[in-house]
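Per TrEMBL, these features apply:
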DOMAIN    A:84-305  domain 'ABC transmembrane type-1'
TRANSMEM  A:20-39  transmembrane segment
TRANSMEM  A:90-109  transmembrane segment
TRANSMEM  A:121-146  transmembrane segment
TRANSMEM  A:184-206  transmembrane segment
TRANSMEM  A:227-247  transmembrane segment
TRANSMEM  A:287-306  transmembrane segment
Amino acid sequence: MKAGKKETKPKTVSYGKYGYLFIAPFFIVYLVFSLWPLINTFYYSMFEYTTRNLRTTITFTGLQNYLNVLGIADGEQGYFLKYLGNTLRLWLLNFVPQILLSLLAAAWLTNNRAKLKARGFYKVVLYMPNIITAASISLLFCALLSKYGPIMSTLRSLGWISQNADIMMSKWGTGISISMIQVWMWYGNTMLLLIAGIIGISPDIYEAAELDGATGRQQFFSITLPLLKPVMLYVLVTSAIGGLQLFDIPALFNVGQGTGYVGGPNDTSTTVTMYIMRLHNTDTGRAAAVSVLLFICTLIISLIFFRVMQTSDAYGGGGKKKKGGKRHGK
Amino acid sequence: MESNQPLQNKTKAVRRQKIFRNIIMILLCLISLIPFYLMFVNATRTSTQVQSGISLLFGSNLKNNIANFDKSQQGLGVTVLQSMFNSFKVAVPFTVLSVYFSSMTAYGIHNYSFKGRKAAWAFIMGVMMVPTQVFAIGFYQFMMKLNLLDTYWPLIIPGITTPAVVFFMKQYMEGALSPELVEAARIDGCGEIRIFNTIVVPLMKPAIATQAIFQFVASWNNLFMPTLIISSSEKKTLTMFVQMLTSESFRTDYGVVFLGLSITILPMLVMYFLLSRFIVEGVSLGGVKG
């Protein structure tokens, strides 16, 4: 009925208001289910929650929770900084090998001179671990690598180690294992992103370089790598933000029975998100303070990212506007 | 003749290079596949066999392991198949909401000019980076007040707000949707919502299919949110079931643990090899935004 009414005077109808209608569900749900909880998390972080005899009393304590988790207050351990350190260590151990491996694979799979026939197959297989449930993968490696598991036994029977090693007792053994699982799961994904980036580089540039007699290696280091900068930056930032939230793998890999998200050995593989999970039932205030600090870290990374993107000559709004004319002139 | 010599050397070098690179790539492929292969092999062996070392040959203990696994999972309050069904009950509506409302949001911003349009887009881009974990505490308390804890709603409703999917849909729309088409439908007397449902959504099918796969996988693999929200055993999702595989009743028998893991991984593995082409393509498309 309403549609018929509109039809009689189509030119005077302004459709703009329908835009609000279409974006309304997203914004309403986001405000209610994400933004409101976020504001509340800030709010909760300023209260102390103490439970005695099943009754929880809530008292306003200002920034006390922050001082506690940062270890500034007396007698507090500063767990946030400790777990942030763990998280960053796990991320660095993962990111460096990951980016190198995926760059190498991406360069080989896009090389036209030595074109590999099974490119499609390689991509499919290397990406595969990324789609499998991380929780299952963590437990799978935990079982394969455990002290009396198959890998240690095989190494011993080959005579490579004299007795079954227990990586779960070693800080670096556990850390490197978790990071290598991350590399194994994620380098296929990064490789596909880099391949998309390399394919996006104009073939003219490579042709010109070819005519000038540049070798494959020279082309990679002086064309591919510099022009991949925006994609690499994107990979770096998404990986860093994802790395800060690291949860699934360390939450299952080396946690003791009934200890509840304490990453062994000696709490050295506990991440910030595991800490939030550990606190959320017993100490809402502290858990909220940790969340806010995590939010600030994420924000800083994102802001640096946007800043670099904007000032980067090869990419981004500011640079493009100024140079746009020249660039499209060819 | 003489001038041909360097060219031949060159092709020879390229061939050698190709062989070398193929060998490395095959090695990398094996590294991707072997953990899963070992898992399936170990699922068919006894605990002592598993502990004695790696084997590439399947054992004969599968039936026993299945029986033992079934016995152990009885004490958990949820079976692996039930937990899979639970994950399915969360992932399917989550996926539908995500692709439908993301297309809708993207269409609203792409097709209409209204006051605040740019700000709305900037907001969506901005919150793309905000991880769930940072507001989980507030979310949990809010769900408690709404009496929605231990239900699937808190896991499903956020499907409406997936900014990365909105971004992807808008990118796709810019290439696939012509303003003339919308104009023509208007002249035919179609309402705006009907235009979206009957013209835009069908046009978006390829993008919707790709994003649906990724959203389904993301929801299916999620461990953090279900752990926070769900507490009754019979409502636990698959990832929560995996977490229970670390419990004492399983830990003692390696063969059973590997069998349990195989069961939890198998559905994703099968899905991946059926849809791998779309998935790999989807990741590459998503990367263009970088």
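Using N, Cα and C of the backbone, Cβ positions are placed for all residues, glycine too.
Unlike curated records, TrEMBL annotations are generated automatically.
Pairs of Cβ atoms less than 8 Å apart link the transmembrane segment (A:184-206) most often to A:90-109, out of A:20-39, A:90-109, A:227-247, A:287-306. For the transmembrane segment (A:287-306), same-chain residues at least 6 beyond its ends with a Cβ under 8 Å from one of its own Cβ atoms are 38, 41-45, 65-66, 68-70, 80, 84, 233, 237, 240-241, 244-245, 272-273, 275-276, 279-280. Note on the transmembrane segment (A:20-39): residues 295 of its chain, located 6 or more positions outside it, place their CB under 8 angstroms from a CB of the stretch.
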